[in-house]
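A.B. asks: Take a look at this one; I'll ask things after.
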Amino acid sequence: MLMAGKNWCNGDKELVKAIYASLKEEEGMLISYKGKSPHLHIRRYLVDWLAVQAECFQMTSHTIHLAVFLLDRIMDRDENSNEAHLHIVAMACLLIATKFEDKEDMVMKLGRFVRRVINGIISQDEFLLLELEVLDMFDWRVNVPTAVHFLDYFLQVAVTDQEKYKGIQEGVKFNAPVYIKKYTKYFLDISLQNHTFSFIKPSLLAAACIASSRICLNLSPTWTRALQETTSYSWGDISSYIGIMLKAHEADEMAQMKENSEANVTDGNKSFHDSRDEVKPFVDVRRS
């Protein structure tokens, strides 16, 4: 898409409408997700690994979502790969996604990293062939829209003018537009880890992320007329996915509370760091 980091939604209104219409058209042609891979049990691990690398290299959300999209469809089709091979496939997906969504210097940095990781496992030529196999699998049409692209557009109406400073958390008012962006990124990260969200359209996922964020920020009504008109989704269309997201959010909060509790009883001379902090691709944004 090559729109990462670009404020395409703030341009000429007619151009923006044309881009959005193109995204919707391309969304209708996406390869469907079946979720029948015999290796679904390691999907969470592979996605976590991709998220860690994306964070380390400061990649955009567009890149990681495209990489996971590619990986999901490959796992659907390839039933014979072993777990070690899928790890290398995940690297290929990330490198391809980087080439389409990030700047050239990022591609070079990640390329050097991948070469170090695969050293001794497969040759550089074999990895290059793997990249070509992935591209051929998608007929080289890998510049597909993800939920991040639609979120860029939907965020324009995620908060009304009247709500901008009416959000309340723990009795304190805050800047709702700033926090809606933090929360939607948080829920996008959650969606990557649960393959249930791979079954639905990216635009529907983006809409569910916004609604879940508005619930967390106590913005009412949760689903405004502007959001319904902009996204073309009703409350009934998104409600079931909101429930999954909020349950994941609650579980994450419980885990974080447990970590904080354990940290308080750790030796005061040694700072507490749970190893999961290094691999966890999302945080409670209200504490950031």
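Sequential numbering from 1, following the chain as shown.
Even glycines carry a Cβ here, placed using N, Cα and C.
These came from TrEMBL, pasted as-is:
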type	residues	note
COMPBIAS	270-288	compositional bias 'Basic and acidic residues'
DOMAIN	48-136	domain 'Cyclin-like'
DOMAIN	145-281	domain 'Cyclin C-terminal'
DOMAIN	152-247	domain 'Cyclin-like'
REGION	257-288	region 'Disordered'
A.B. asks: Quick one: DSSP breakdown of the domain 'Cyclin-like' (48-136) into helix, strand and coil?
C.D. replies: 73 helix, 0 strand, 16 coil
A.B. asks: Under the DSSP assignment, what numbers of helix, strand and coil residues are found in the domain 'Cyclin-like' (152-247)?
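C.D. replies: The breakdown for the domain 'Cyclin-like' (152-247) reads 67 helix, 6 strand, 23 coil.
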A.B. asks: Give the mean pLDDT for the domain 'Cyclin-like' (48-136) on the 0 to 100 scale.
C.D. replies: 86
